[in-house]
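K.L.:
I'd like to ask you about the structure that follows.
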């Protein structure tokens, strides 16, 4: 017989009755019925009930062992009676009558229970992550993650992609977030950076003649935590293709995503390929976001013309100063009490807007502050434009175009949730396309890249030389599912002269571009194919499939919201010797200078 087990805790069935078996696992739960002791033994695969009576030689051993101790049990498989069988367990028709028990590892008193559904503070869960990972739902999420990654790899390989590994230590580059820097001992005063993405390397792979690349790539960004973003590191399905158009990229990744979501999404419907393509300008108008949630049936509309020079002076004055008006429909909301409208108006003010005007369409006619002041024919034109009927309402956001778009998007989501309109049990995919190449920094007045600086502008050099930069579109695109951005991608700018010009418009002189991207630019000067790609976020894919609201629920050892690893106590201080080897002297805020004995005294390090 095997030293530890003949079967897992999920394998035994009625056909095993009468066999002598050995199981090993964790003591999940104990139930003492006086003369009988029941122990649920758990391993990675499942649960098996172990039983012994008071006359058994192992009774005292099992009675004394704590929950989550690791034990090995040898015994006989017996059938449960019809009354005691547990149809919810795969092993619920049998139990193991214990003959010998070996305690392999005794557990201390638990700071948090593994069995049961009790909720614990996140800091406790992350401090004792090894216990948290034993809990059924969390454990299942990690198994799901592993299976999803395996499926992604298989599907990419089936599409003709080959997996290559790119460097983890690289050079710092301006990709939109702060870099994690690694000091060089051999080159004092110089630093490596952990890659925010394998962007330049995968493009140079295309220049090197590799046609279809992919990688389950770790990415590192020093940015704040969000529900759908873990601080520090994340993983993405990074891929790149040569000699492709935008549609070729879409056609390559859509079947991979559809396949994975159908494989692991249960009975939830998945948008079939090809996914809807929504231009950025349309997305901002209709959805108030470049990450539209298509489960929300509401569609916003521009009604500026119906308020311009009209009787509702508050809006007409703002329109004259460059503002626009967005309308957000609220079907069936006419019967809502006045308090609901007042609460929405208060919420709008708390969100930084001036308020939230509305019109209620009743059988007797339109009602509300705007309807009292705006000419009836204009109110009717708005009703027709949004295809509203008696019993519906409509809300309005008036502001400068970008602010009006973003706020109307928030209103659209709030109304959808208040009215219970969001579709459930589905994964709604779309592409957001035709992003602007540039945007204006409102604080500095400087033109900046709005998305990926390595994207090819639509119209190429002619567009850069002849068009208003803010009117130039790029071959940039995002994959969105249920309002969550899974990936950004682009057809790349592979021509050095176009790249120099694109960066010049954003305020980067040629010398700085060469200093920051010299390796890639040199590669482009020796024959670069047109190429493009994307990089769907694996953590977010698993979060959606697991139906988890927080991305940390699908990461094995995540940092908390303050970018701390509570299990490993990272970040931590290092010794004076380590700092001196790296030629680093710390200049810390006074409140951070206190260190424990034996740790680094940063103000003394050279």
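Cβ coordinates are placed from backbone N, Cα and C, and glycine is handled just like the others.
Residues annotated as L-aspartate binding site in Swiss-Prot: 175, 221, 451, 492. As annotated by Swiss-Prot, ATP binding site applies to 221, 222, 223, 485, 537, 538, 539, 540, with the evidence given as sequence analysis. What Swiss-Prot records for 199-202 is region 'Aspartate'. Per Swiss-Prot, site 'Important for tRNA non-discrimination' is recorded for 33, and the stated evidence type is sequence analysis.
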K.L.:
Among 221, 222, 223, 485, 537, 538, 539, 540, which the record lists as binding ATP, how far apart in Å are the two most distant Cα atoms?
P.N.:
19
K.L.:
Can you check which residues sit near residue 451 (L-aspartate binding site), meaning Cβ under 8 Å from its Cβ, same chain, 6 or more apart in sequence, and list them in order?
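P.N.:
Correct list: 435, 436, 437, 474, 476, 488, 490.
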K.L.:
Would you kindly list the residues that approach the region 'Aspartate' (199-202) from elsewhere in its chain, counting only those six or more residues past its ends and only Cβ-Cβ distances under 8 Å?
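P.N.:
Tertiary neighbours of the region 'Aspartate' (199-202) are 166-167, 170, 173, 175, 213, 215, 238-240, 454, 517, 519-520, 533.
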K.L.:
Might you list, by sequence position, any residue in that chain lying six or more from residue 537 (ATP binding site) with a Cβ less than 8 Å away from its Cβ?
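P.N.:
In sequence order, 234, 235, 236, 237, 485, 486, 487 meet the Cβ cut-off.
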K.L.:
For a three-state summary based on DSSP, what are the helix, strand and coil counts in the region 'Aspartate' (199-202)?
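P.N.:
Its residues fall into 4 helix, 0 strand, 0 coil.
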K.L.:
I want to check the contact list for residue 539 (ATP binding site): same chain, sequence separation of six or more, C-beta distance under 8 angstroms. What comes out?
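P.N.:
Listed in sequence order: 230, 234, 235, 551, 554, 555.
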K.L.:
Once the chains shown are all counted, how many other Cβ atoms turn up within 10 Å of the Cβ of residue 485 (ATP binding site)?
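P.N.:
For residue 485 (ATP binding site), the count of other Cβ atoms within 10 Å is 18.
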K.L.:
Out of 33, 221, 492, 540, which of these recorded positions shows the lowest number of other CB atoms within 10 Å of its CB?
P.N.:
33
K.L.:
Provide the number of Cβ atoms within 10 Å of the Cβ of residue 222 (ATP binding site), excluding the reference atom itself.
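P.N.:
Counting Cβ neighbours of residue 222 (ATP binding site) within 10 Å gives 15.
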K.L.:
When neighbour density is defined as the number of other C-beta atoms within 10 angstroms of a residue's C-beta, which of the binding-site residues 223, 538 has the lowest density?
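P.N.:
Sparsest of the binding-site residues 223, 538 by Cβ contacts within 10 Å: 223.
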K.L.:
Which of these recorded positions is closest to residue 538 (ATP binding site) if you go by CA atoms: 33, 221, 492?
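P.N.:
Closest candidate to residue 538 (ATP binding site), judged by Cα separation, is 221.
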K.L.:
Using C-alpha atoms only, work out the spacing between residue 222 (ATP binding site) and residue 492 (L-aspartate binding site) and round it to an integer in Å.
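P.N.:
Taking the Cα atoms only, residue 222 (ATP binding site) lies 25 Å from residue 492 (L-aspartate binding site).
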K.L.:
Between residue 540 (ATP binding site) and residue 33 (site 'Important for tRNA non-discrimination'), what C-alpha distance do you get in Å?
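P.N.:
About 46 Å separates the two Cα atoms.
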K.L.:
About how far apart, in whole Å, are the alpha carbons (Cα) of residue 223 (ATP binding site) and residue 33 (site 'Important for tRNA non-discrimination')?
P.N.:
54
K.L.:
Measure from the CA atom of residue 33 (site 'Important for tRNA non-discrimination') to the CA atom of residue 221 (L-aspartate binding site) and give the result in Å, rounded to a whole number.
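P.N.:
Distance (Cα to Cα, whole Å): 54 Å.
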